[in-house]
């Protein structure tokens with residue numbers, strides 16, 4: 001479309017019509033409205049105006065020229081085989097020259113003119129011009145003021161010089177008058193003459209003093225005036241220089257040290273380095289009268305190629321300086337590398353820098369070296385001096401790393417990692433949420449076989465104890481029971497000594513402890529331990545004296561034994577109620593529950609309900625069909641299905657929630673035990689459980705805990721290995737019994753591993769290669785093959801593929817469901833690994849009465865058995881004058897001509913000794929044998 005008016009032309013230029021009208025008026029084209037016609041001359045006039053505004057010559061004169069230079073050279077280079085080959089090298093250089101306008105030297109070169117210019121740009125330029133004009137006006141006014149002050153100072157100086165001259169003339173005339181005055185001695189006028197003379201002398205002194213003062217003042221004024229005049233003159237000269245200087249000129253900084261010339265702009269190849277002699281005589285850019293530097297004045301220096309001169313002469317295969325511009329060939333045909341022959345001016349610091357190094361809980365050698373700004377090899381050297389062999393990826397614990405940092409002369413600080421768990425502390429308080437009464441959590445504790453589970457059985461009216469393997473509890477069970485007085489949550493703990501940690505967890509999570517003591521058995525070791533756990537947790541005790549229906553029950557003895565353990569009954573002034581019960585007949589059960597609820601009322605147990613749930617992992621296991629399953633006791637808040645929970649390093653969304661009877665529920669309040677599914681892994685029993693706001697935060701904290709646990713464990717293992725390295729070298733070789741333990745729940749695994757590791761001695765050690773929750777899989781069998789371990793399954797079984805693999809590789813898999821049996825069998829196996837004890841038993845004493853030398857046989861001794869018996873093949877000691885001369889064994893034993901096995905006391909015999917002939921008459925032989933006796937743990 002032809003643009004023949006202002007509006008159409010503005011549309012074509014994609015700019016507002018009123019802005020285009022303003023630009024047309026500035027260009028001298030008078031157009032008043034957008035409908036006015038535009039001719040080609042008007043458009044050309046506008047274009048010329050815009051070009052001038054942008055610093056482009058209107059006649060289209062070229063102000064920039066680009067020169068391109070291409071140069072091809074050849075170099076000869078030896079390849080990997082030693083043959084010489086020619087390489088073509090092409091160097092392309094490009095240089096651009098810009099012609100600047102001489103009339104406006106202060107303006108910097110501008111870019112090509114834009115097709116249009118907006119109002120904001122015009123206003124900005126006008127404002128800049130106005131500021132420049134104001135600055136020049138101020139500078140001129142300052143200059144005029146300084147010049148006037150200079151003229152005034154010069155006038156004052158002339159006046160002072162004139163006054164000084166007049167004073168000198170007056171003094172000279174006075175002296176001349178005194179010299180020319182005649183001396184007349186008249187007797188009658190002597191008195192008058194004397195008066196005149198005194199007056200003249202006084203006037204002369206006054207005149208001299210006045211002249212001196214005037215001269216001094218004049219000289220001081222002259223010095224001050226001269227200094228002021230010089231200061232004003234210097235200031236005027238500076239202002240003039242500033243006004244005459246080009247406004248936008250940038251002074252090039254003087255180089256602090258000689259450096260190589262900058263490569264030409266646009267070149268595709270690095271220019272050659274200059275020789276040391278040429279650096280001093282380097283040409284400077286020519287400077288014109290208006291102080292404008294011309295870059296083209298030193299163009300020839302840019303194009304110099306000194307590499308040719310440097311490389312001239314006979315080329316040899318050993319010439320390492322071959323090639324252009326410092327490029328050198330790599331050895332044996334490898335890629336060439338560039339070597340800069342210029343010397344660096346950098347000087348290394350003379351003083352050692354002491355750094356503050358913040359050391360986290362775990363750190364690798366490489367990271368520690370980076371923090372200290374040293375090479376990793378230096379850190380490894382210092383570690384070797386400290387007796388530790390390691391690599392750069394080795395993880396060091398905090399203590400070792402801090403010792404190393406101090407050893408290397410730096411300051412070590414124990415630093416905390418960026419702990420995302422700090423975010424958990426923000427949402428812990430529920431001060432604004434009302435706390436409501438909750439049911440008490442009661443833990444039943446006591447010695448094994450004292451009837452804890454049977455007591456709970458009767459309370460729950462269920463048969464649990466009969467289902468336990470061996471009739472003993474090996475898991476911690478959680479149940480809640482509705483009574484007429486309210487709900488009570490019970491935790492049943494094992495009584496066996498192996499389950500110490502499990503009982504401690506039960507005491508930690510509980511409000512009240514029921515201590516079950518058998519009336520016929522009294523206080524036993526685990527009873528004492530349960531009392532200690534309850535006291536450590538600060539939990540009130542209710543003592544249930546069980547089995548009162550048995551004939552051998554003695555309640556008074558039980559009370560006395562408990563008083564000895566600082567558990568005093570209420571009837572004796574203590575604070576622990578004693579209740580006699582019978583789990584078999586149900587006698588005293590109601591009284592026991594009454595006492596429990598009474599204690600709960602005194603404690604005033606409360607917890608927030610409408611809040612995110614928090615609780616404790618009571619037990620955890622890996623179910624083949626359901627995955628990780630955790631039994632949780634909710635302590636506060638309400639746990640709902642679908643909540644995101646975090647338990648130690650395990651996290652996940654609650655997919656299903658079951659009560660202790662296996663029924664599905666949707667939510668659980670305080671003091672309710674539930675079984676949840678959906679966690680990423682089996683959590684450790686005793687871990688705290690909390691509901692998180694979102695899954696991302698739970699995942700972040702869980703992964704952080706996993707990494708932290710792994711790093712700390714690895715660092716501790718490494719430290720333990722290094723500590724025990726030299727100790728083990730000094731002792732004999734310790735025998736290991738490697739084991740892989742798989743259990744049904746986390747608590748059983750913990751108890752079994754602890755019990756087996758307690759069996760370790762200085763000679764035989766139980767090495768638990770791997771311990772986990774769940775069934776025995778193929779990976780467990782493969783691990784057993786690699787580590788030559790025995791697999792123990794506690795209440796678990798191996799699947800079909802694992803059984804086949806174990807049979808094929810001869811891996812021993814043992815199944816147990818009672819912890820006693822597992823511990824006893826492992827103890828027996830370890831006893832078999834012990835080195836047998838050697839005992840020496842004396843058999844008899846033989847006297848040598850005759851020695852017969854036979855050339856082919858050696859010395860034959862004719863002997864008489866004094867006591868005991870002499871057996872063929874037994875060990876003997878040769879005694880000469882009751883001193884042991886030799887220890888060995890009998891080679892042959894004969895009676896007459898027949899070989900015999902033994903000769904008893906009172907009989908004669910002939911014998912030879914193995915590899916020994918130095919026997920004499922009268923020597924005695926002590927016959928003995930060494931017996932090996934099996935040892936037990």
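Don't overthink the numbers, they just go from 1 along the chain as shown.
Placement of Cβ uses the backbone N, Cα and C atoms for every residue, glycine included.
Between the listed ranges 446-453, 454-461, 462-469, 478-485, Swiss-Prot ties the annotation region 'G1' to 446-453. Taking Swiss-Prot as the reference, the stretch among 546-549, 550-553, 554-557, 558-561 described by the feature region 'G4' is residues 546-549. The region 'G3' annotation in Swiss-Prot falls on one of the ranges 488-491, 492-495, 496-499, namely 492-495. Looking at 436-440, 441-445, 471-475, the range annotated in Swiss-Prot as region 'G2' turns out to be 471-475. Confidence over the region 'G3' (492-495), given as mean pLDDT on the 0 to 100 scale, stands at 64.
Within the region 'G1' (446-453), the DSSP-based counts of helix, strand and coil residues read 2 helix, 1 strand, 5 coil.
For the binding-site residues shown (446, 452, 548), fewest C-beta neighbours within 10 angstroms: 548.
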